[in-house]
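Structure first, commentary second.
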Amino acid sequence: MGPRKKSVKTCIMNNEIPEEMTADETKDYMNQLSHEVLCHIFRYLPLQDIMCMECLSRKLKEAVTLYLRVVRVVDLCAGRWWEYMPSGFTDASFLTLLKKMPDVEQLYGLHPRYLERRRVRGHEAFSIPGVLEALQACPNLVGVETSHLELVESIWTYMPHVHILGKFRNRNGAFPIPPENKLKIPIGAKIQTLHLVGVNVPEIPCIPMLRHLYMKWVRLTKPQPFKDFLCISLRTFVMRNCAGPTNSLKYVPLVTGLASARNLEHLEMVRVPFLGGLIQHVVEDSWRSGGFRNLHTIVLGACKNALEVDLGYLIITAARRLHEVRIQPSLTKDGVFSALKMAELEFPQFETLHLGYVDEFLLQSRMANADLVKYGLADVVENPGIITDIGMKAVNEVFSCIKYLAIYNCPHLHNPYNWISDHSRWTRLVDINLVRCHALKLDSFGQFIELLPSLEFISLDQMFREPPKGCARVGLSAGTGIGVSSALVSNQNSNNDDNNAQNNNANIHDNNHHHPDDSDEENDFRQDLQPGEQQFAADALNEMEDIVQEDGEVVAESGNNTPAHSQAIIPVDVDEEQAGPSGLQRVVKPTSITVHDSESDDEEDSLELQEVWIPKNGTRRYSEREEKTGESVQSRELSVSGKGKTPLRKRYNSHQMGQSKQFPLEESSCEKGCQVTSEQIKADMKAARDIPEKKKNKDVYPSCSSTTASTVGNSSSHNTASQSPDFVRTVNSGGSSEPSPTEVDVSRQCACSPGGSEDSEAMEEGDAESSVCPRCCCHRPQESQRRTSRCSDEERPSTSRACVVNGPDGTRSAFSFRTLPQGGSSGPAHDERTNGSGSGATGEDRRGSSQPESCDVQSNEDYPRRPLTRARSRLSHVLLVSESEVAKTKPRHAMKRKRTADKSTSTSDPVIEDDHVQVLVLKSKNLVGVTMTNCGITDLVLKDCPKMMFIHATRCRVLKHLKVENAPIVNRFDYAQCKKLNMDQVLDQILRMPPERNRIIYLRPMQQVDTLTLEQKLFSGPYPYHICIIHEFSNPPNVRNKVRIRSWMDTIANINQELIKYEFFPEATRSEEDLKKYPKYPWGREIYTLEGVVDGAPYSMISDFPWLRSLRAAEPNSFARYDFEDDEESTIYAPRRKGQLSADICMETIGEEISEMRQMKKGVFQRVVAIFIHYCDVNGEPVEDDYI
């Protein structure tokens, strides 16, 4: 206090300061308050702030001393129980503090960050003995709240009368269980809530006061840890993944002790190997006295020996108050619900059912079962649930009031539509969550959703996976139950349950289980709520137990009688898992062949193409849409040139003298790009037989050797040797008789065929006069002599290059096949592969003068076009090479290309196949939102969803399109890491919706985005909204701008609505006349750009939102709130910092601008749309993000 008094005297003596200011500064209002008022104020302040006031003045020091003398409840963490107490305490200072509080009874927040185990002489520290000494200095102390294991054990030992307040939860839990985390619980410990995570505990004794016991990753070290277990006041018992005794008999005292807790409400046992049938017998003995009668939550997960009767007895006993049941996969069976159905019970409060429940730790942990057993956990081998559609029908007949349904990995569920019956209407179901039920049929699911009257939320995870590529081509169904493969992959062989169980435990679930026996449905099982009649239920459950045992025998017998063909299928090398309609499936690869992903190889080829053929001033053209399979063009005689069953292939160098006349070509539409006909297979066999005969009449260079090329898998008629649609042809079109020695391997053959083998053979076989290659569309001269190619199989010219042709003038010209959008079509356009010439209709599709013209190749006719599938959308950025540019480049040999095969095909075919179209049609009058994660759906259709509000799609690889027929109020769209999403189509669908709501669209694309084209389409389109496009470049992702935009986009719309409705402000329109009136930038809008940096990452916003710039630049008003963390430096616009809390307040701020726009007669839209694009995934690699 000395320095303060000294400074005051100095100020008084200073003649430059006015006297009235000195008087105001010296006046101390706090000292005018009484001690009683100050003590009353201290009740609302944290203890740390109270202690700081002690040094401000003498009166405040007296008030603090008086307050501490009478205080009875002290919180060292100011109510924040999750934080640590203030640092800086030592044993002496903590003792001094508590001595000032002689009447303290309850001490909360004793959470020291670190405590020494013992004192060290001469060293000031904060230690356990020092804390105990300070606590013992408080004579009236009743309870202490702490989270320190050693401290609470010391309190129990030296101060047993002190209660442990609140919830004891240790903060250093981990798995594997740290050996230093130890706690010995004494008998009769005074504690009500005990949460232990990652602790070594000898035993759980008798604790009469204990109400809530939560044990996770707890190692019970004594051989009989539950010998004295008795907690009669227990309400919650949770035991998850604990390392206890392996002998099931040692859990008998645990279950009997739980039965003695008459008020037990929550029972959760995960990986507890109690004795099978134990719960049944304990319930039989205790239900009359109230054992397990008050349960409202039952959770059984990975309990090795649990039987259906154990679960059934618990459910029946607790029927009156039961709210939630989570059932482990081994108990997820039809028989359980058939027996409960026959009990004829009512569950008036039941709401939540989780089938196939697997604990999160087992799902997220990468440890195998052997690793968990090594750390002391029970040895559990978990199989997927085997409940069928019959059991699901019984579910709702038993639990008629169910609201929340979650199903995990039940591979025997097929038709949800069959879950509905006269007695099973699912009338109260609000939320359905399906995970990895891979056999569920999409159309049946859509019909099921339509019949649910109260459904509001749908969550789909790893559902409706796309079938592997190539299955439709060879007639396989890949687990869908349709076609030839159903006999090979159906659920008939259960002789490898061990493998299935291990994979299921490691979050890799297979579909190798036997269907349950239907005899469970015939149990005559009746149950009433009267105590005297419940013996009938016990007898019925005994019968159910016998039937279940018989079922087990049947399954075992079927496993031993597995057909021989199923056992003969032995994988050579399990490489990795691929997601198909049957969940995650193993892909079997022969060890002698390296199989590469077709898409990745095509990307490599396109990169190689750019390195070889891109000139310095080469331009690039972007295709607008690549959606549907184009038309496949084949010649009439060459329709069987494709190969279906891997014929023998020999490579020749086709060369012919003179020129030949052209043969007309016809186009045939190809619905599926990989279908094989019997005619093609016969042609393959015939071509293979004819090759050796024709070889006899050919002149071969002496130095050349004829090699036979073996191919990987099968190829289709237009995909025989090419996967990329943008491919190189090197042809001698001049008609010279002899090739130059340096170009004999490259320029004398059509590169679309491997050495000119099959197509050359088929060409001469069909029509010797035709000189048009059926695939690359290059004219090749007919040859009287054929020479085998010098190049080996590995040196085969790549077929993914730009076409290079020797022109008549000797120069090397080039053309590349391009994807050209159909002009003027707003819907899905059919993309066509055409040549690069600037003549005909092809030239009309080119925009501007940025595209160089390519040369004509011997004639102006249209060349055959290969189909472009939606799966090829990543090859849309392809350059066009002009004649003059290629003339400057030096001739080079084609790059080496690896053999390609799509590793996601079941037959390892080197084919390009379109994604299997799967359309999810939603029609529900109460549906609010749908969330999809890792689903194989390609199209989402909102047919009739009047209450739908949001759509979330994350990591849906093949999701491409959205169609909105009737969903007027849907306003939030979230598409994150959807690899093949057609952004243009989705945005067009959303913006064409009637402007009844403001809408926000969040996109995280995984491909490059042409921002200029996107902005042009949105701002120039017929969309009656004010539009805002935000480009966010933070990596890792920052959600600050995304979250904050929702707080102010509605404010802009509210201002517009106020002006239009009450101020007679003109409303803007976006009709066809308006589009014709404003054909150029800014298309009748006031477009501006805002840029900035948030948390070190730049953002850019392009918008025509009115009023926003003025509101951002305005000064804060009297309503400004500074308790909000954001300002313009950390987000785009912070209205609360400005005090702009409502539309009325904002209109006062921008009144001048409103008058100007009224005079200019510029209208505004009532609704706004915000499009938020996050660019952290555009390189194709998904960024880890906790927010999705």
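Cβ atoms here come from the backbone N, Cα and C positions, even for glycine.
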## Note on the structure
Among 130-137, 194-201, 338-345, 434-441, Swiss-Prot lists motif 'Nuclear export signal 1' at 194-201
### Query
Among SER724, SER740, which is annotated phosphoserine in Swiss-Prot?
SER740
### Segment assigned the feature motif 'Nuclear localization signal' in Swiss-Prot (from 596-599, 836-839, 896-899)
896-899
### Task
From SER494, SER632, SER736, SER789, name the one Swiss-Prot lists as phosphoserine.
SER736
### Summary
Students should find that the motif 'Nuclear export signal 3' stretch in Swiss-Prot, chosen from 151-160, 251-260, 451-460, 1141-1150, is 451-460
### Confidence summary (mean pLDDT) of the region 'Interaction with KLF7' (59-119)
88
### Query
Taking DSSP states H, G and I as helix and E and B as strand, how many residues of the region 'Interaction with KLF7' (59-119) are helix, strand and coil?
21 helix, 9 strand, 31 coil
